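According to Swiss-Prot, the protein has these features:
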{"type": "ACT_SITE", "residues": "Lys80", "note": "active site"}
{"type": "BINDING", "residues": "Gly180, Val181, Gly182, Asn183, Val184, Ala185, Tyr186", "note": "NAD(+) binding site"}
Amino acid sequence: MELFKYMEKYDYEQLVFCQDEQSGLKAIIAIHDTTLGPALGGTRMWTYENEEAAIEDALRLARGMTYKNAAAGLNLGGGKTVIIGDPRKDKNEEMFRAFGRYIQGLNGRYITAEDVGTTVEDMDIIHDETDYVTGISPAFGSSGNPSPVTAYGVYRGMKAAAKAAFGTDSLEGKTIAVQGVGNVAYNLCRHLHEEGANLIVTDINKQSVQRAVEDFGARAVDPDDIYSQDCDIYAPCALGATINDDTIKQLKAKVIAGAANNQLKETRHGDQIHEMGIVYAPDYVINAGGVINVADELYGYNAERALKKVEGIYGNIERVLEISQRDGIPAYLAADRLAEERIERMRRSRSQFLQNGHSVLSRR
């Protein structure tokens, strides 16, 4: 991997390698873009095949956070950390204390959070060394479980997509096929049920399915059958890449709007659903409620204020679909354009984030 060529191609700012022999820490912090503010992104712990795979993942995820934060209207850039190791057996307190000191050394250019393989408890340990961490225990003034807030954002985004497809944002009487009934999807189902939608659900966890059936009168189907259901809206809320060659030809929905990450297996599948006339709410725009919520901690968390910001996902999806129509491009490209246009507007007056008295961090 020609590292500097790759960083130059996608305009990365900084890559930080963190090592602590005593604790076993091997971490890579990638900072993609700080035009809008300090880089916010979680810390992932994973058993990577090799160091190059870890570097590539950190870079890819950091760039994704730039777009997610920008499209969400946050005054934050994009970053990400990967820690090389098995989260089930390689963790120790010293590791996260050492990592916290590395974050502190960046003086606010990067703020971390929980991600795959890390926990709230890990964030609390990091917090012993630095304030540049979010998603810590509620006792320290954090926002707590993000699932209900993420679900509310998906619900708002789904209504905006429904308005584009059906001429009204009312979901009453609409049939919605929800794939996955985990914490976020369960809360989404609650909102949909309260508005009078008809729910079809599936999950590999039979208990989760049964709970949705009992609580919301949902109809359960086998996991492989969810794509072919007669429904108005398909809501992918489990694994990624469920919009692919096999599933697209089965879809009968007019709208795709759900909480899952990386819903398109390949970008060409986004082109396909656009050509089919399906209204698509891009994943990183519609599921941004979690990051919007956690970002509010930087101001001193206020649940009412955070929820008000999450309501804005409705308008964000509207803008994405307007750009899609304006420029004649698929929604996934329109989401990228929304983020890029916002960054470019700010770039004219600001090139790189440095800690000073006029950033989000000065309000902590």
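Heads up, the Cβ atoms here are built off N, Cα and C, so glycines get one too.
Shown on the structure are the features that Swiss-Prot records.
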{"residue": "Lys80", "record": "active site", "contacts (Cβ under 8 Å, 6+ apart)": "Ile29, Ala30, Gly41, Gly42, Thr43, Arg44, Ala58, Leu61, Ala62, Gly64, Met65, Asp115"}
{"residue": "Gly180", "record": "NAD(+) binding site", "contacts (Cβ under 8 Å, 6+ apart)": "Thr202, Asp203, Pro236, Cys237, Ala238, Leu239, Ala259, Ala260"}
{"residue": "Val181", "record": "NAD(+) binding site", "contacts (Cβ under 8 Å, 6+ apart)": "Cys189, Val201, Thr202, Asp203, Asn205, Ser208, Val209, Arg211, Ala212, Cys237"}
{"residue": "Gly182", "record": "NAD(+) binding site", "contacts (Cβ under 8 Å, 6+ apart)": "Asp203, Asn205, Ser208, Cys237, Ala238"}
{"residue": "Asn183", "record": "NAD(+) binding site", "contacts (Cβ under 8 Å, 6+ apart)": "Asn145, Ser147"}
{"residue": "Val184", "record": "NAD(+) binding site", "contacts (Cβ under 8 Å, 6+ apart)": "Ser147, Thr150, Ala151, Val154, Cys237, Ala259, Asn287"}
{"residue": "Ala185", "record": "NAD(+) binding site", "contacts (Cβ under 8 Å, 6+ apart)": "Ala151, Val178, Gln179, Asp203, Ala235, Cys237, Ala238, Gly258, Ala259"}
{"residue": "Tyr186", "record": "NAD(+) binding site", "contacts (Cβ under 8 Å, 6+ apart)": "Ala151, Ser208, Arg211, Ala212"}
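Using the Cβ center of Gly180, Val181, Gly182, Asn183, Val184, Ala185, Tyr186 for NAD(+), the list of other same-chain residues with Cβ within 8 Å runs, in sequence order, Ser147, Ala151, Asn187, Leu188, Cys189, Asp203, Ser208, Cys237, Ala238, Ala259.
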